[in-house]
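The annotation N-acetylalanine is assigned in Swiss-Prot to Ala2 on the grounds of similarity to another entry. Residues or ranges marked as phosphothreonine in Swiss-Prot (evidence: similarity to another entry): Thr72, Thr205, Thr229. What Swiss-Prot lists as phosphoserine is Ser83, Ser157, Ser176, Ser263, and the listing cites similarity to another entry. According to Swiss-Prot, the substrate binding site annotation covers His158, Glu167, Glu293, Asp318, Ser370, His371, Arg372, Ser373, Lys394. Under the heading active site, proton donor, Swiss-Prot lists Glu210. Marked as phosphotyrosine by Swiss-Prot: Tyr236. Swiss-Prot lists Asp245, Glu293, Asp318 with the feature Mg(2+) binding site, giving similarity to another entry as the kind of evidence. Look at Swiss-Prot and you will find Lys343 tagged as active site, proton acceptor, backed by similarity to another entry.
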Amino acid sequence: MAMQKIFAREILDSRGNPTVEVDLHTAKGRFRAAVPSGASTGIYEALELRDGDKSRYLGKGVLKAVEHINKTLGPALLEKKLSVVDQEKVDKFMIELDGTENKSKFGANAILGVSLAVCKAGAAEKGVPLYRHIADLAGNPDLVLPVPAFNVINGGSHAGNKLAMQEFMILPVGASSFREAMRIGAEVYHHLKGVIKGKYGKDATNVGDEGGFAPNILENNEALELLKTAIQAAGYPDKVVIGMDVAASEFYRNGKYDLDFKSPDDPSRHITGEKLGELYKSFIKNYPVVSIEDPFDQDDWKTWTSFLSGVNIQIVGDDLTVTNLKRIAQAVEKKACNCLLLKVNQIGSVTESIQACKLAQSNGWGVMVSHRSGETEDTFIADLVVGLCTGQIKTGAPCRSERLAKYNQLMRIEEALGDKAVFAGRKFRNPKAK
């Protein structure tokens, strides 16, 4: 079924920054998609086009990207008369029209907005739910509900505290369903609020960009201690494990790492990658840490590789791999990590996101689908994670509507699947393993 109209506009994301929203019309109706945006971005990500006009939104406007859709991409697609069910053809056409390696002509935010809307329209055209359409595009007969990784303590570039490491997450792997995982996550979150309030006072329970708490602590193991206490208090020590996103590229300084990077610079406190690796090993030993994302800088390949060989937990590449096929292939070859963080806006199209996921999975990696810190009410990634059967998703704390939008959609999907619903649980790293 052909597209009848494509219209883009500038809307605001959860941080009050502009982003792109696309409305695509077919005979079946109107399909709307909005594009997310990250705070700690990898240098190898596809280009997010911003206007740079300091008199509007401090330079962060996206009118250029919107205009590229309304004046160029949209009309070209309508003229081409491609069907919305041909996701790959549509994406390929836009990528070739852009003609750059990193989508810098039109902006990944322009191409992705259209790509997401086309995917939603394609599902409607086939008369199937979005998650089923995505599963078909990926060649998956199965559907899997993911374990949610709730980011409940925020540090790094997401928070105004001194904590260097960006995210401390809880994963309710012992739950029997996604709905139960939500309940467990929410209960631990509320207990954590009480623990933080009791220890640091009420103002320490203010939340960061992703709904997690941002108490003013400096020591990273103090955050882990808070999680451990909250998990015990909620009564789930056997059901909840811990994940971290260190986002180490944010505090990499001249070949070393600064765990107090928000204070005035002092090179004498910088530590080597090897020393940082030892710190992670102590975390794994003393706490139920099962997953660490971006433990080292995006170009510190050597440290990634030596660290991976010495641990048996999940090591996730985000800034390292940026959902990019070339970077993933490089990481596979160097044995740098064993899990891909999948962010649709890092690569900028649905087709390439599916390809990245399949490349990672075919090499025995896990895949974790992820939001960005600047989000919208769009729930596309909830359907994406089910269709791609990755078994794990991180989309913030059980707090803030732009985060809950995704989690609530996952509960609806589980409900719709009824007794066919499969929850990844403890098999979150490889949910397809029989």
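Placement of Cβ uses the backbone N, Cα and C atoms for every residue, glycine included.
The subset of recorded positions (His158, Tyr236, Asp245, Glu293, Asp318, Arg372) lying with their Cα within 10 Å of the Cα of Glu210 (active site, proton donor) consists of His158, Arg372, given in sequence order. When the Cα atoms are compared, Ser370 (substrate binding site) and the residue listed as 'N-acetylalanine' turn out to be 31 Å apart.
Nearest neighbour of Ser83 (phosphoserine) by Cα distance, taken over the recorded positions Ala2, Ser157, His158, Glu293, Lys394: Ala2.
Of the modified residues Ser83, Ser176, Ser263, Ser83 has the largest number of other Cβ atoms within 10 Å of its own Cβ. Ser176 (phosphoserine) has none of the recorded positions His158, Asp245, Glu293, Asp318, Lys343, Arg372 nearby, counting only those with a Cα within 10 angstroms of its own Cα. Closest to Asp245 (Mg(2+) binding site) by Cα-Cα distance, out of the recorded positions Ala2, Thr205, Glu293, Lys343, Lys394, is Glu293. The Cα atom of Ser263 (phosphoserine) lies nearest to that of His158, taking the binding-site residues His158, Glu293, Arg372 as the candidates. If you take the Cα of Thr205 (phosphothreonine) and the Cα of His158 (substrate binding site), they are about 15 angstrom apart, rounded to a whole number. For the pair Glu293 (substrate binding site) and Ser157 (phosphoserine), the Cα-Cα distance reads 15 Å. The two recorded residues, Ser157 (phosphoserine) and Arg372 (substrate binding site), have Cα atoms 12 Å apart.
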